[in-house]
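J.: Structure incoming, see below.
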Amino acid sequence: MAPSAMEGVVSTRDAWMTLPPPTLHPVKEAKFEKYVEPQPDGRKRALALPQGQAAIVIDNGSSNVRAGWSFEDNPRLSIPPIMSKYRDRKLAKTFSFAGQDCYADTTARGHIRNAFEAGTGIVSNWDVMEHVLDHIFIKLGMNGVEGGIDMPIVMTEAVANFPYSRKSMAEIIFECYQAPSLVTGIDSLFSYRHNKGKTGLVVSSSYSSTHLIPIYNQKPMLAQATRLNWGGWHEAEYLLKLIKLKYHTGFPGKLNTSQAEQMVRDFCYVSLDYDKELSGYLEWTGLEDRERIVQYPYTEEIIIQKSEEELARIAERKKESGRRLQEQAAKMRLERLMKKEEELEYYKDVQRRLVDQTKKETKRILDDAEVKDEAALEKIVKELEKTIKKQRTKDLGEPEEEQEAPDFSLLDVPDDQLDEAGIKQKRQQRLLKSNHDARARAKAEKEAEKARIAEEARLDEERRTNNLEAWLEDKRQARLAKLAQIKERDRLKADLGNRKSLASQIRMKNIANLASDTPAGGSRKRRRGGDDDDFGADDADWGVYRSVAIGANKGDSDDEEEGEEDLEAAVRALEADLLEYDKDFTYENTLEAQNDWSKSLLHAFRYGPRPFDPSNPAETHRLHLNVERIRVPEVLFQPSAIAGVDQAGIVEIAGDILNQRLMGLGGEGYRDEFLRDVFLTGGNTLFENFDERLRRGLMGLLPAGSELGVRRAGDAVLDAWRGAAGWAGTGECRRARVTRQEYEEKGGEYMKEHDLGNAFGG
């Protein structure tokens with residue numbers, strides 16, 4: 001392509017440079033906001049009302065407990081049903097916290113307990129529940145009341161609540177707090193009443209579960225109600241699992257359920273066409289708009305930036321310091337050279353003094369010079385001369401003299417013709433000759449290898465010139481063979497990482513065999529001493545260590561790294577030839593292009609459409625949420641396919657209730673009354689597109705032309721409490737109250753049925 005045609009074209013690898021800076025969302029989690037003072041004014045207003053008109057309303061949810069007065073529009077308190085209690089030994093005091101106050105103290109965070117069983121709406125820890133109720137009544141200004149709580153209590157409970165759970169709650173309310181009366185109801189029914197519903201299908205998806213309850217003329221048909229065991233808690237846990245699988249190599253940030261709940265609320269939404277949207281979610285085009293990046297706290301290394309003048313001064317100081325060091329080193333080398341020259345002159349003078357001396361005088365001179373004999377003196381002189389020549393050549397730049405050929409004349413002389421000194425010198429010459437021959441062989445092999453490579457290059461060039469197609473085919477096959485070797489190497493490493501693989505089992509068997517006192521499969525026996533064996537006598541014995549070491553720790557072995565580099569270098573060389581001479585082979589076909597991050601679906605999944613720098617602490621502390629944004633809410637519609645929950649989705653459940661159960665009870669006209677008001681409530685229905693997805697799903701199950709109405713609650717979170725507060729002052733509520741006298745007479749399991757609560761039977 002001509003250069004003019006290339007202008008304005010941005011490669012996929014460089015496309016990220018045109019993207020705006022990423023939008024970072026700080027990680028959120030439950031925290032202490034502020035201290036809430038007790039509020040006695042509410043009780044004063046309650047006492048001013050006619051008797052029976054005021055009540056304490058408690059929406060006892062597994063995510064948040066909301067409490068307030070029935071004559072007010074909003075609850076005064078909204079706290080998680082948790083407590084924390086610990087004893088400070090230094091202060092000799094016991095501290096207890098409830099609700100958000102548990103997050104005010106670092107030690108208290110580590111002792112948090114929940115009143116509800118995880119993932120359910122059933123109270124399992126009644127000590128915590130009592131502590132939470134204490135906190136609520138104190139904040140509502142009931143602390144100074146003598147004899148307990150003097151106001152009726154209206155409280156929500158789970159659908160089909162256990163009799164034991166209802167009995168335990170009644171015991172606490174009447175025995176512990178001495179309340180005058182208690183009435184319980186279902187939160188979703190309160191919400192439906194508050195939103196003026198009469199006949200319809202209530203879809204309530206909350207923190208612990210999802211319920212579908214048909215209501216006819218304001219009376220719940222609890223026998224036809226269905227529960228899906230999936231709610232906000234399950235979604236947070238599922239998101240945590242997905243994140244841990246996504247960053248399976250380890251995420252440096254600290255993950256917890258509270259953070260996951262915030263991510264689900266802030267970033268997840270319901271897809272109108274899940275399969276279609278999922279198939280294109282990780283496409284590079286628009287991925288920066290679809291993903292959400294959560295930034296976790298990190299410690300950044302502070303690098304002090306210096307001006308150019310400061311950098312120049314530092315460089316000059318380093319240069320000057322290096323120059324001084326070089327001068328000092330040269331001076332020291334010169335001093336050592338002068339010292340060695342003095343030593344050489346001294347030993348040469350000793351040699352001159354030994355001429356024509358008697359043996360006795362010779363021995364005295366050698367002893368004064370601390371030399372053993374004349375041969376040792378000769379050796380010292382030669383070594384000094386050699387060292388001085390080498391230093392002069394290196395330091396003073398003197399021309400290097402040709403080395404004299406080594407003398408191996410004594411090797412051909414029989415030992416019986418040599419004295420003791422001659423035999424010793426002959427032994428030294430033998431060692432020198434072996435080293436000399438080894439160096440000569442290595443040099444010859446090196447020259448031969450150079451010649452072989454040059455000859456292969458010549459033949460390769462000649463073959464390319466004579467038959468280009470055959471030459472290209474050989475290059476292609478050689479490249480495929482090298483790629484297969486790389487693939488096999490990577491597979492072996494992956495297998496060694498899996499302890500159940502055959503390669504890993506063989507490796508562990510070899511290690512166990514090496515450690516055993518009685519190695520299996522070997523013919524070698526321990527020697528009589530019991531401490532030694534003949535392992536290693538055969539060179540093949542050492543191969544077992546190679547089989548143990550290969551792939552054990554990637555990157556630990558120098559040989560392994562060198563082998564990897566050789567394979568990849570060979571592939572690059574073959575690809576360079578193909579790029580130059582094969583018109584059908586382009587950069588997109590190369591190994592480098594295939595390993596390019598901009599073409600990696602896994603990179604897009606983990607790090608989005610931008611390059612990832614593992615040395616940058618800010619980037620390593622980021623979570624990239626993309627397909628999880630639609631996958632987590634989709635479980636409500638496809639629980640079995642997405643999360644392995646062996647239940648039908650809410651569309652199938654709603655279709656079964658409308659098309660099977662209600663049709664069997666009253667026919668098509670009876671069912672159509674429910675179709676006109678499909679009511680959504682609960683915090684888990686706040687996902688974007690939740691109502692439209694449910695509408696589309698139900699339209700596919702209903703006859704053509706069916707009149708279907710789907711609506712949301714005015715406030716899916718607070719309408720349950722508001723509905724209970726509005727109902728608390730009605731005559732129906734007063735008739736449904738269980739008084740303390742009735743509790744004492746009939747027991748804690750006694751309840752009065754009403755249109756907004758549970759029933760003894762369907």
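Quick reminder: no glycine exception, Cβ is built from N, Cα and C everywhere.
Keep in mind that what you see is a predicted model, and the values were worked out from it rather than measured.
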J.: With TrEMBL as the source, which of 16-47, 304-335, 496-527, 592-623 is set down as coiled coil?
T.: 304-335
J.: According to TrEMBL, which stretch among 67-90, 355-378, 427-450 corresponds to the feature region 'Disordered'?
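T.: So the range that TrEMBL calls region 'Disordered' is 427-450.
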J.: Restricting attention to the coiled coil (304-335), give the mean pLDDT.
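T.: Result for the coiled coil (304-335): average pLDDT 88.
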J.: If you run through the compositional bias 'Basic and acidic residues' (434-450) with DSSP, how many residues end up as helix, strand and coil?
T.: 17 helix, 0 strand, 0 coil
